[in-house]
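Q: Would you mind keeping the following structure in view while I ask a few things?
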Amino acid sequence: MTSREASQAPLEFGGPLGVAALLILLPATMFHLLLAARSGPARLLALPAYLPGLEELWSPWALLLLFIWLGLQVALYLLPARKVAEGLELKDKSRLRYPINGFQALVLTALLMGLGVSVGLPLGALPGMLLPLAFATTLTSFIFSLLLYAKALVAPASALAPGGNSGNSMYDFFLGRELNPRLGSFDFKYFCELRPGLIGWVFINLALLMQEAELRGSPSLAMWLVNGFQLLYVGDALWYEESVLTTMDIIHDGFGFMLVFGDLAWVPFTYSLQAQFLLYHPQPLGLPMALLICLLKVIGYYIFRGANSQKNTFRKNPSDPSVAGLETIPTATGRQLLVSGWWGMVRHPNYLGDLIMALAWSLPCGLSHLLPYFYVLYFTALLVHREARDEQQCLQKYGRAWQEYCKRVPYRIIPYVY
């Protein structure tokens, strides 16, 4: 891919002006949510009562804790993996290799945390450090993204991402200029995608649960549900880690600030919003309502896992008895498009399951505040945007076959609605 070819790729997110705004708005939104969760009114759309000064945001101890956490996850990444998988073929016809040991990293981290707590590690004190930790992670994300951009300037043209080589420095810094930046066999994007932020989310939640137990004698039922639901989500992502190798993040998007900040900062500090809210604003939750919420979670997970497993099984072995009878549409690339089963219901059934699960882990926070539902609102917008990007990519890749698929499966995410 030449620079000229890349510069003709359509710009996303409003081009350079849009990404300039996002460079400010994304961190600002994250800090707004952190402050709103601990404020008395807990209003999503109101400005915080106060803005913390630098002395509240900056802490060398928070930076040290962040680096210890990242170092631990790097060490766990480098341990022998139960499996090494190959990614999709790159433009130079090569395939990169990836260790599949994310679930192992989650379990080992849990064991180390359990050992630490047993000898006096004050994990329950972590909620009081969320602001300086978020600040340290944001600062690290900017610096890391700059280093990645500098590295990409000397990368060969074949290593560049389709959309991050526009020629505009700010735009390319945000989207990511290099597709798979590596140091030896260590893949920065793959590591960040599912490790430090996703596992960090689980342990921030756990720290909030422990802090609630210290304050009120025991964790609330709502806090248990949020922790359990989100642990299942993270555990599923890491157990099926290999499936991330076919996602847009890995095969299409460069590794720039968008993914760096999203993976390292946005995920752990905003996805834990429900647990943060419950610590400062406890909500009553009866057993009947809890059971209904659990049922909703099970339905969402059933759709999410069923759709993803069906797709992954078909990709690996179309002759597998569980998918051999499904109807398909042939494409010019030689691949087949599923047009029955989960993928005949809507074009993105996994997104539907994702949204139902997001609603399920927000409902334990009650209906008195909009703030805990930020994730549902944000995730809906994210998936609609991602679905539009998917549609464009699939139309370019499959042409008439994709048009035929869209005729056969008219609904994108929600049956009979969208």
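All positions are counted from 1 along the displayed chain.
Here the Cβ of each residue, glycine as well, is placed from N, Cα and C on the backbone.
Below are the features listed in Swiss-Prot for this protein:
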{"type": "TRANSMEM", "residues": "13-35", "note": "transmembrane segment"}
{"type": "TRANSMEM", "residues": "62-81", "note": "transmembrane segment"}
{"type": "TRANSMEM", "residues": "102-124", "note": "transmembrane segment"}
{"type": "TRANSMEM", "residues": "129-148", "note": "transmembrane segment"}
{"type": "TRANSMEM", "residues": "255-277", "note": "transmembrane segment"}
{"type": "TRANSMEM", "residues": "287-304", "note": "transmembrane segment"}
{"type": "BINDING", "residues": "Lys311, Arg315, Leu338, Trp343, Asn350, Tyr351, Asp390, Cys394, Leu395, Gln396, Lys397, Tyr398, Tyr405", "note": "NADP(+) binding site"}
{"type": "TRANSMEM", "residues": "355-377", "note": "transmembrane segment"}
Q: Relative to the transmembrane segment (129-148), which of 13-35, 62-81, 255-277, 287-304, 355-377 accounts for the most Cβ pairs at distances under 8 Å?
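A: The listed stretch sharing the most Cβ pairs with the transmembrane segment (129-148) is 255-277.
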Q: Honestly, do the transmembrane segment (102-124) and the transmembrane segment (62-81) touch, with at least three Cβ pairs under 8 Å and pairs 6 or more apart in sequence?
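A: Yes, the transmembrane segment (102-124) contacts the transmembrane segment (62-81).
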Q: When you scan the chain for residues with a C-beta under 8 Å from the transmembrane segment (13-35), skipping those not six or more beyond its ends, what do you find?
A: 44, 48, 50-52, 130-131, 134-135, 138, 168, 170-171, 174-175, 257-258, 261, 265-266, 269-270, 273, 276, 371, 374
Q: Using Cβ atoms and a strict cutoff of less than 8 Å, what residues sit near the transmembrane segment (62-81) while being 6 or more residues removed from its termini?
A: 99-101, 104-105, 108-109, 112, 129, 132-133, 135-137, 139-140, 186, 191, 195-196, 199-200
Q: Quick one: of Leu338, Leu395, which of the binding-site residues has the smallest count of other CB atoms within 10 A?
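A: Comparing Cβ neighbour counts within 10 Å for the binding-site residues Leu338, Leu395 gives Leu395.
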Q: The record lists Lys311, Arg315, Leu338, Trp343, Asn350, Tyr351, Asp390, Cys394, Leu395, Gln396, Lys397, Tyr398, Tyr405 as binding NADP(+). What's the largest Cα to Cα distance among them, in Å, rounded to a whole number?
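A: Spelled out: the longest distance between any two Cα atoms in Lys311, Arg315, Leu338, Trp343, Asn350, Tyr351, Asp390, Cys394, Leu395, Gln396, Lys397, Tyr398, Tyr405 is 22 Å.
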Q: Write out the long-range same-chain contacts of Asn350 (NADP(+) binding site), meaning residues 6 or more apart in sequence whose Cβ is under 8 Å from its Cβ.
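A: Those within reach of Asn350 (NADP(+) binding site), by Cβ under 8 Å and sequence separation of 6 or more, are Ile303, Phe304, Ala307, Asn308, Lys311.
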Q: Taking DSSP three-state, what's Leu338 (NADP(+) binding site) in: helix, strand or coil?
A: strand
Q: Under a three-state reduction of DSSP output, how is Asn350 (NADP(+) binding site) classified: helix, strand, or coil?
A: helix
Q: Which ones in the same chain are close to Asp390 (NADP(+) binding site), with CB under 8 Å and 6+ residues apart in sequence?
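A: Those within reach of Asp390 (NADP(+) binding site), by Cβ under 8 Å and sequence separation of 6 or more, are Met248, His348.
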Q: Would you count the other C-beta atoms found within 10 angstroms of the C-beta of Tyr405 (NADP(+) binding site) for me?
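A: Total other Cβ atoms inside 10 Å, all chains included: 21.
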Q: Could you tell me which of these binding-site residues, Lys311, Lys397, has the greatest number of Cβ atoms within 10 Å of its own Cβ?
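A: Most Cβ neighbours within 10 Å: Lys311.
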